[in-house]
């Protein structure tokens with residue numbers, strides 16, 4: 001399988017959203033950029049902010065859509081077209097209600113599971129054949145509380161767990177960039 005050339009963090013722009021659960025995808029790519037010493041640049045033609053990093057000896061583009069979550073696909077598909085990157089060479093990092101804080105999972109293909117950034121990307125691509133990093137944020141317990149939950153800040157304990165899951169995902173990312181997703185999944189999904 002081809003490696004990764006584009007990693008997108010899904011989230012909402014603006015300081016009021018910066019520390020929310022819904023921005024777990026942004027937190028992931030921001031941590032990657034910080035680790036690599038990369039700087040973010042506004043790129044209006046791609047409807048977001050971009051950074052270039054080197055992982056496992058390969059150039060990888062990072063993207064934070066500035067379109068708000070529900071319209072993320074516009075930015076994702078613009079970047080894929082501009083850099084001539086296939087969906088299969090793309091990873092979307094996003095918050096995941098169905099995983100507990102502290103858990104991160106890699107996945108390829110599938111539906112959107114109610115995640116609006118994935119929903120819009122799938123709508124514009126016409127399929128879901130791209131990689132995902134699902135960063136667990138937990139569930140509030142009842143579907144009527146989901147919107148407030150994802151747009152709210154996690155507790156200090158959950159914030160630590162989410163950061164730990166992001167670090168764990170960063171540790172296996174070189175394998176995914178090189179195309180060894182099965183080993184990356186095995187290492188990320190095996191409890192320590």
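Count begins at 1; order follows the chain as displayed.
Note that Cβ sites are derived from N, Cα and C of the backbone, with glycine treated the same way.
According to Swiss-Prot, the active site, proton acceptor annotation covers 22, on the basis of sequence analysis. According to its DSSP assignment, residue 22 (active site, proton acceptor) is helical.
DSSP assigns residue 116 (tRNA binding site) to a helix. Residues near residue 116 (tRNA binding site) in space but far in sequence (CB under 8 A, at least 6 apart, same chain), listed by position: 69, 70, 72. The feature tRNA binding site is assigned by Swiss-Prot to 17, 68, 70, 116.
Residue 12 (site 'Discriminates between blocked and unblocked aminoacyl-tRNA') counts 22 other C-beta atoms within 10 Å of its own C-beta, drawing on all protein chains shown. Swiss-Prot lists 12 with the feature site 'Discriminates between blocked and unblocked aminoacyl-tRNA', giving sequence analysis as the kind of evidence.
Counting only residues at least six positions away in the same chain, the Cβ atoms of 10, 21, 22, 23, 24, 25, 115, 135, 137, 150 sit under 8 Å from the Cβ of residue 95 (site 'Stabilizes the basic form of H active site to accept a proton'). Residue 95 (site 'Stabilizes the basic form of H active site to accept a proton') falls within a strand segment according to DSSP. If you look up Swiss-Prot, you'll see 95 marked as site 'Stabilizes the basic form of H active site to accept a proton', on the strength of sequence analysis.
Between the CA atoms of residue 12 (site 'Discriminates between blocked and unblocked aminoacyl-tRNA') and residue 68 (tRNA binding site) there is a gap of 5 Å, rounded to the nearest whole number.
For residue 17 (tRNA binding site), other Cβ atoms within 10 Å of its Cβ number 15.
Comparing the recorded positions 22, 68, 70 by how many other C-beta atoms lie within 10 angstroms of each C-beta, the top residue is 22.
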